[in-house]
Amino acid sequence: MDQMDLVDTDKSRKYPAKDLKIILPKTYADVNSKKGPEYWDYENITLKWNVPDSYEIVRKIGRGKFSEVFEGINTVTKDKCVIKILKPVKKKKIKREIKILQNLRGGPNIIKLLDIVKDPQSRTPSLIFEHVNNTDFKTLYPTLSIQDIKYYIYQLLKAMNYCHSQGIMHRDIKPHNVMIDHEKKILRLIDWGLAEFYHPEQEYSVRVATRYYKGPELLVDMRYYDYSLDIWSIGCMLAGIIFKKEPFFYGHDNYDQLVKIAKVLGTEDLHRYFEKYGLKFAPAYQEILGNHSKKPWTKFVHHENQHLVSPEVMDLLDRMLVYDHTKRITPLEAMEHPFFNEIKNNSV
């Protein structure tokens, strides 16, 4: 079944519905219009590539659709680094990632881009990043105390708020892209390859994010989304960690993903969401979806996770995991949530 089978794709029906305005984000809607094209027009930048002579590969540490990632060493300073060797992709995409990393440089908990290099023979481009002594999330998350969880989610929200305040959506928040050095209590948000500048009333690709962390807007082909997509992904992460159920919404494909969400959040609010934005259910959708009532978070509590669950965290999840993207809590609002009181009180 094609993604478009899930929504009415009648070409005569324009989204959004004629009687509905596109609802702009609560905050940071006009950041890029204020900063001007020299800030966001990545297509017209000229990059100055250095030669990779100062870097040596030590070992492979990961791979993605668009790159291979290695631990490396700067042979001059002897410092560890991370070398991201880019696979052949459109120059535009490479320019976008670099421009975004340059714009966010120095922001809280954002991975630092140290250098950009290109091999003179192969012309293969690589990005050089600071090294983080990361523990794999599958090993780390089950060991975290509630204090640890509060601390790291707060640090992630801090990175997210900064990113949004600079007019940028990450669009691929997931455990694999959150590096944690647990010994030093350092968190870094990585992989800005899908990140994009937010411009009001612009259509965006829904082929972003990773299935388990995709917001409902992506699953129903709602292209006028905004920063709030990222808060959904953080909500999925938080639910997964708290309830020890990672990933929390475990869909087998993009269609089943929405079914898994509906089985928790219910179908009533999903229908309201469709109605509000002038979307129509295609007949095939109802066959997959069925009708589900909203489940209380307490349904997911068991003896292995009950020490992590509190009324505060359940309230925060209620505010993050909302179908209607315009009604989700913002990162800044989330940082003020009572769930983080002890973090705020302990921070200088």
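Every residue, even glycine, has its Cβ placed from backbone N, Cα and C.
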Given Swiss-Prot lists ILE61, GLY62, ARG63, GLY64, LYS65, PHE66, SER67, GLU68, VAL69 for ATP, the same-site residue among LYS84, LYS90, LYS91: LYS84
Closest of ILE61, ARG63, LYS65, SER67, VAL69 to ASP172 (active site, proton acceptor), Cα positions, binding-site residues only: LYS65
Cβ contacts of LYS65 (ATP binding site) (under 8 Å, same chain, 6 or more positions away): LYS87
ASP172 (active site, proton acceptor) CB neighbourhood, other CB atoms within 10 A: 23
For SER67 (ATP binding site): intrachain residues, at least 6 apart, with Cβ closer than 8 Å: LYS84, ILE85, LEU86, LYS87, GLY193
Sequence-distant neighbours of ARG63 (ATP binding site) in its chain (C-beta under 8 A, six or more apart): VAL69
